[in-house]
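Quick look at what TrEMBL annotates:
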TRANSMEM  38-58  transmembrane segment
TRANSMEM  79-105  transmembrane segment
TRANSMEM  117-139  transmembrane segment
TRANSMEM  151-172  transmembrane segment
TRANSMEM  192-210  transmembrane segment
TRANSMEM  231-252  transmembrane segment
TRANSMEM  272-298  transmembrane segment
TRANSMEM  327-346  transmembrane segment
TRANSMEM  352-372  transmembrane segment
TRANSMEM  384-406  transmembrane segment
TRANSMEM  412-431  transmembrane segment
Amino acid sequence: MFNTEMLASDPLGNIIGSGIFISPKGVLEHAGSVGLSLIVWVCGGGICTLGSMCYAELGVTIPKSGGDYSYVTEIFGGLVGFLLLWSAVLIMYPTTLAVIALTFSNYVLQPAFQNCFPPFIATKLLATICVLFLTWVNCSSVRWATRIQDIFTIGKLLALVLIIIVGLVQISKGHYDALRPSVAFEFSQDPSVGQIALAFLQASFAYSGWNFLNYVTEEVVEPRKNLPRAIYISIPLVTLVYTMTNIAYFSSMTPEELLSSNAVAVTFGEKLLGMFSWVMPISVALSTFGGINGYLFTSSRLCFSGAREGHLPYLLAMIHLKNCTPIPALLLCCIATVVILCIGETHNLINYVSFINYLSYGVTIAGLLYLRKKRPNLARPIKVNLLIPISYLIFWAVLLGFSLYSEPVVCGLGMVIMLTGVPVYFVGVQWKEKPKWLYRLVEKLTYKGQKVCYVVFPQDDPSETEPLTAKPEQLLHS
C-alpha cells in the first residue's frame, strides 16, 4: 500500500494551509468590518474544535481510513457514503486544488504587475502548469512528494511568522488605528445573517484541513491516544496563528487596501519590508506549492478507499508496479482540477467548495448521533458530550441555510452536482444484473488502464486482487 506518512506525521502542517493567504479578503468583504471579521476567525476555530472532537470519537470508534466517507458509509450505508465520495472527487478536492493553484499563480505573478492584476490567461496557465507538474511528481515517487511537503512547509511557516512578528512590531509602535473598537466595528455595509454566513464559509476554507488525520486513521500510531492529542493541540494553535495573522494585516493596512489587493501578503510586504519585500511572495508561493502537493496526495488516498469499498472503479485502487504511486487516482484528480481551473473564479470557488465541505461535515456528525442511538453499546474509547455534536449541528443548519439564501446559484450548484450521484450509484453500484457486454467492456478498459499506467493492486492485501481473478462482472461498480 502506498505511503501515508505525509498526512500522519504533520497534523499542524496539514491544517495551516494556503487558505490564510486567500480567505482574509473574502471574510472582511462579507463581514463588513474589521472587528466582526476577527470574531469570525476566532469562532471559526471554535467550530472546528467542536467538529474535531466529534471526529475524534468517530475515528477511534470506526478505525478506518477515508474520513467522512468511511464513517458515513459505515453508519448510513452505501448511497450516502457514495454521495460524499462523489462530491469529494468531483467538487471538494478539485475545487480546493484549483483555488490554491490560482493563489500560487497570483502570488508568483503579482510582483511583476505591481499596479494592476496579472493577466487572466497567464494566471490560469501558470496554475495549470503547477498542477500538472506536481501530478507528475506524485506519480513518479512517494518519496519526492513527501520531501516536497516537508521542505515547502518551511515557506508556509516562514511567511506566517514574518507577518505576525512584523505586525506585533507595528502594534508596539502604536500603528493599530484599524483595531480600535470605535473604528473596528464601523461597517462598510449593513450586517446581515446571510453575509456573516458567507464570511464563515470563507474562513472555513482556511481551516479545511482539520479532519485530514481521519483520512489515515489506520496508519496513525496508537490512534486512541494520538488522534485526539493532535486535534486538541493543533486546532487552538492554528486559530491563534490565523487570528494573529489577520491582526498583523490590519496593523499596517486599511480595510480598503486589503479589499483592493489581489495578493494580501504581497501588499503587506511591500508596505513594511522595503527591499526585503520579495521574501513574502516567495514564501507564499512555496506554501501554496506545498498545499497543492498535499491535497493531491490526500485525494488519491480517498479514491483508493472508495475503490476498495466498490464505489469507484477498481482501477483507482491500483498503484504503480515499481513506484507504488496511485497513478489512476492522481490523473483523475488532475483532470478534474484543470477543468475547474478553466471555468472558475477564486472567490466563488471558495464559497462553492466550503458549502459542500460543511454539508459533508454535518452529515458525518449527524451520523455520530445516529450511531449513538442505533448502537448504544458499541465500544467508544472517546465519547464526547452530546451537547457538542448538537451545538455543531445547530450552527451547521443556520450557516448552510443562510449561505444558500445569500448565494443560491453558487451553493445550489454544488448540491445539484452532489445529487447527480444518485442515478450513478443505482446504475453503477446497485444494479447487479448488467448486460454481459458491459462487463466485458469495463474489464477491457480496466486492463487497458493497467497497461497504460503500469499499475496493479497492492500486493499486501490479496483479497483486493480477487475481483480481477474471480468474477469479471464484479469490476463494474461505477
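For all residues, glycine too, the Cβ spot is worked out from N, Cα and C.
Caution: TrEMBL annotation is automatic and unverified by curators.
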- the transmembrane segment (352-372) and the transmembrane segment (272-298): do they have three or more Cβ pairs under 8 Å, with pairs 6 or more apart in sequence? no
- With the transmembrane segment (352-372) as the reference, find which of 117-139, 192-210, 231-252, 327-346, 384-406 contributes the most Cβ pairs under 8 Å. 384-406
- Cβ contacts under 8 Å made by the transmembrane segment (412-431) with residues that lie 6+ beyond its boundaries: 78-79, 82-83, 86-87, 90-91, 310-311, 352-353, 355-356, 359, 404, 476-478
- Query: Taking the transmembrane segment (38-58) as the reference, which of 79-105, 117-139, 192-210 gives the largest number of Cβ pairs under 8 angstroms?
  - Reply: 192-210
- Message: Looking only at the recorded stretches 79-105, 151-172, 192-210, 384-406, which one has the largest tally of CB-CB distances under 8 Å to the transmembrane segment (231-252)?
- Response: 151-172
- Is it true that the transmembrane segment (117-139) and the transmembrane segment (192-210) have 3 or more Cβ pairs under 8 Å, skipping pairs fewer than 6 apart in sequence? no
- Task: Would you kindly check 151-172, 192-210, 327-346 and say which stretch has the most C-beta pairs under 8 angstroms to the transmembrane segment (384-406)?
- Result: 192-210
- By Cβ distance under 8 Å, which residues at least 6 away from the ends of the transmembrane segment (79-105) in the same chain are close to it? 17-18, 21-22, 68-70, 72-73, 118, 122-124, 126-128, 130-131, 205, 208, 284-285, 288-289, 291-292, 295-296, 298-299, 302-303, 306, 309, 311-312, 332-333, 336-337, 339-341, 344, 346, 349-350, 352-353, 356-357, 359-360, 363-364, 414, 417-422, 424-425, 429
